[in-house]
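Input: a single structure, listed below in structure tokens.
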Ligand code: LLP
């Protein structure tokens, strides 16, 4: 037994403390600088599945589903499939009793292939194609969230009564997030503006379609939103609109969907989303506004994606080379913006950790870059790594379960990484690595 094992606190300082809140709960220190993930050493997973590889902690995903259901027991929880869709994950989501938000015929095809209950599926999208709409009707999805006047007419013509629909409203609420993922503010492509009266006009158009049954309203103010007050404000405004529709059309809408967007911590010290506070304040806001306007309280739906899967994911990379520039050190790995475009798209920041061996020296700040042909292909800036980091080392990046696999590309004809689920010491390949044969298969010459 080593001294570090005898004295756990000394062990922590020798090994470098695991940053709280950004690793899945199953992650533990292993032997010789390794980390245990779902009961297996990361170095073993890298040897078995290669790098880069997306790992997902199944127990963490399921725990997060259960946490949502417990905190918001009367609320429908619809997992936003755009954050991470593959059959394995959608099976967990179905088994945990969540509903599912899909936004294309492709996402729906994955859900359909595992028999995800159609009545628990909502179809989203600001520009649904006729194929999307037909696929949704063909599978009998429970609700379509209408996003344009054209779509109201198209779905009206294609659907058979009673196709349940919601109208997506832009409530004019700032989620205080990156502008590329702020969707609640005016003057953008999503939804019908509340302020301009477009939302009320959309409702009138839906009511004129005999095949459509309007069951509620929807809004989604943005993604990676940490301020509960923004959600509260959106809920208040949406209930205000429901009250106006009640007064004007005698409409009693039984559902209100408040979208997703709950933030997660990516870096040590980032605040976690206050789910209990959210549950309590949203409930209060909706109940209070409904009472004030004398309308019945609708059943709420929320659509978390990131907060269900992001913290369950870790990506493994192998260091290819270390280059010392005049003012910084570049640690280049075997992945990059093709498996994680989030730093280049949203300026997202990540933590990085050396795993699989003990560092012989102290730490220094480095820039972890990818293998792609762009100077902007940076995975993590100014992150501490051991001074002796070298080619062949294994690096682990936490909080990569959402919008990594789903945003991945084949840039530079690089195959996309596999998705591996790990639970109770058992690893299972959910999505295999993309091969050169896969890349050539669609190219007909
Ligand atoms: N509902 C709707 C209608 C949405 O558009 C989205 C996300 C969600 C729910 C789920 O939001 P979440 O809980 O995952 O934040 N690629 C970006 C995020 C784009 C989000 C798009 N819509 C990123 O990597 O940060």
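The backbone N, Cα and C atoms fix where each Cβ goes, and this holds for glycine too.
According to DSSP, residue 373 (active site, proton donor) sits in a coil region rather than a helix or strand. Listed in sequence order, 412 are the same-chain residues six or more apart from residue 373 (active site, proton donor) with CB atoms under 8 A from its CB. Summarising the annotation, TrEMBL assigns active site, proton donor to 373.
Sequence-distant neighbours of residue 306 (pyridoxal 5'-phosphate binding site): residues of the same chain at least 6 apart with a C-beta under 8 Å from its C-beta are 80, 83, 223, 224, 260, 261, 262, 263, 264, 402, 403. The feature pyridoxal 5'-phosphate binding site is assigned by TrEMBL to 261, 303, 304, 305, 306, 403.
Around the Cβ of residue 342 (substrate binding site), the number of neighbouring Cβ atoms within 10 Å comes to 19. Marked as substrate binding site by TrEMBL: 306, 342, 346, 374, 403.
Taken from TrEMBL, the feature domain 'Orn/DAP/Arg decarboxylase 2 N-terminal' applies to 59-310.
Among the features that TrEMBL reports, domain 'Orn/DAP/Arg decarboxylase 2 C-terminal' is placed at 311-401. Summarising model confidence by region, the domain 'Orn/DAP/Arg decarboxylase 2 C-terminal' (311-401) averages a pLDDT of 97.
Long-range neighbours of residue 82 (N6-(pyridoxal phosphate)lysine) (same chain, six or more residues apart, CB within less than 8 Å of its CB): 101, 103, 107, 305, 403, 406. Feature annotation from TrEMBL assigns N6-(pyridoxal phosphate)lysine to 82.
Taking a Cβ cut-off of under 6 Å from any atom of ligand 1, the recorded positions 304, 305, 306, 373, 374 reduce to 304, 305, 306. The maximal spread of the pyridoxal 5'-phosphate binding site, taken as the longest Cα to Cα distance among 261, 303, 304, 305, 306, 403, is 15 Å.
Sequence-distant neighbours of residue 374 (substrate binding site): residues of the same chain at least 6 apart with a C-beta under 8 Å from its C-beta are 337, 344. DSSP labels the residues of the domain 'Orn/DAP/Arg decarboxylase 2 C-terminal' (311-401) in these numbers: 7 helix, 41 strand, 43 coil. Residue 346 (substrate binding site) sits 19 Å from residue 304 (pyridoxal 5'-phosphate binding site), counting Cα to Cα.
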